[in-house]
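Taken straight from Swiss-Prot:
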type    : residues               : note
DOMAIN  : 19-135                 : domain 'MTTase N-terminal'
BINDING : Cys28, Cys64, Cys98    : [4Fe-4S] cluster 1 binding site
DOMAIN  : 156-393                : domain 'Radical SAM core'
BINDING : Cys170, Cys174, Cys177 : [4Fe-4S] cluster 2 binding site
DOMAIN  : 396-464                : domain 'TRAM'
Amino acid sequence: MLTKPIQEEEKIYKNSSLGSYWITTFGCQMNKADSERMAGTLEKMGYSRAIDELKADLVLYNTCTIRDSAQQKVYSFLGKQVKRKHSTPKLKLVVAGCLAQQEGESLLRRVPELDLIMGPQHVNNLENLLERVDLGNQVVATEETFISEDITNPRRDSSICGWVNIIYGCNERCSYCVVPSVRGKEQSRYPDAIKSEIESLAHNNFKEVTLLGQNIDAYGRDLPGTTKEGRKENSLTDLLYFIHDVEGIKRIRFSTSHPKYFSKRLINACYELDKVCEHFHIPFQSGNNEILRLMARGYTIEKYKRIIENIRQLMPNASITADAIVAFPGETETQYRETLKLISDIGFDQVMTAAYSPRPNTPAAFWDNQIPEEVKKERLKEINELVETTSRKRNQRYLNNIESVLIEGLNPKNNAQMMGRTRTNRLTFVEISKNIEFNYSYGDEINVKITEARSFSLSGQIYK
């Protein structure tokens, strides 16, 4: 029997009087964490979680604007709710996140049926903003603000693995990226507040935490204090040591890293600290130094390769994942081929790929040397095929190995299988054998013998 723990949040928010809510989240892990926090606020206010988006009394879209396709998807979703609003005037429509920040009042002109538009920095102020809506106002909250600590318990989508934001915003100015203009300047949370949230997760039987930041290696640069060696007193490395002793937490992850700031000291900490998983997500974006310079990334391919070498020197079986952009303005066929070569040479476990998409208020969007759409599609197709092949080849190293898998639940497509992840973040499906006594709970770590390795997942059997 597979048992699931009950979270305290589920006990607290039983009585609801304000109707139901629905949240759809687009984009990154930061958005997912923000959505969990907003869901917690809504349930604290008295809303209950709807089971049908088209019957919810409050609909919130937490949006992404990193690519145009994500932006257009939001407008498509909004169209359905606008029709509902005309027949159900009491319906509250909220657009949060990066698109809300980017468009501001112009979004209200495009979709006048909206009740609330709020940028990412206002996530912790949702209750006050909705109170203004209840007074009959249409509210636009996109002004830059200090992100205060929120004492609301997030409504977690998982009962085992929790997202914990440790730094908001980004001070980098990559020429293609809209994030700094929509998420604002870097704001680090204090270590005590982060540890307190992780302790709360442990109290609620969570077993894994993922520390989040748009540029997580920048954590602590804006906090006071320096050591006698002259470095900042608070860094991601220091934070990992600080939270490592939280009882009940078995695994710690962090994302997303920037090669410009990824240090040997951090690598050493990951090697020394047992709970920190051997999984590193470090975007490289391009395999060509000239393109990296035009992107304003602040590092070279040679430096990136040294980082990977340093990781693998201490942790040979570590999982390395990355992001890559193809068809950046001016990218030649030769430069593009260097990106393919880098993927083959390093042997990534996985690479998240995208064709360049011009974003508002970014330098690269105004350059004349944009790549034709048909070339973008060809390059994206080719790189994706390479990534799939490379990932499948890389995953063969797990075959017949005994891997520790943290159980997250049942496979929604096959209830005869559990699913979980290895320390290296490989999604793993585990057969529930009828011939073996089975008595595990969500959050248990079990030994699994890997019997099948695909490009992006593994399968195996319980090993006793």
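Glycine is treated like the rest: Cβ placed from N, Cα and C.
Here the Cα atom of Cys64 ([4Fe-4S] cluster 1 binding site) is found 17 Å from that of Cys174 ([4Fe-4S] cluster 2 binding site). Under DSSP, residues within the domain 'MTTase N-terminal' (19-135) fall into helix, strand and coil as 67 helix, 23 strand, 27 coil.
A C-beta separation below 8 Å, combined with a sequence spacing of at least six in one chain, links Cys177 ([4Fe-4S] cluster 2 binding site) to Ile66, Cys170, Arg359, Thr362. In the structure shown, the C-beta of Cys98 has more C-beta neighbours within 10 angstroms than that of any other entry among the binding-site residues Cys64, Cys98, Cys170, Cys174. Neighbour density for Cys28 ([4Fe-4S] cluster 1 binding site): within 10 A of its CB lie 19 other CB atoms from the protein chains shown. The [4Fe-4S] cluster 2 site is defined by Cys170, Cys174, Cys177, and by the 8 Å test on Cβ atoms against their centroid, the other residues of the chain that qualify are Glu172, Arg173, Tyr176, Val178, Val179, Pro180, Gln214, Asn215. For the domain 'TRAM' (396-464), the number of residues in each DSSP class (helix H, G, I; strand E, B; coil) is 3 helix, 40 strand, 26 coil. Apart from Cys28, Cys64, Cys98, the residues listed for [4Fe-4S] cluster 1, the same chain places the Cβ atoms of Phe26, Gly27, Met30, Asn31, Thr63, Thr65, Ile66, Ala70, Gly97, Leu99, Val179, Val182 within 8 Å of the centroid of those Cβ atoms.
Cα-Cα distance from Cys174 ([4Fe-4S] cluster 2 binding site) to Cys98 ([4Fe-4S] cluster 1 binding site): 17 Å (rounded to the nearest whole number).
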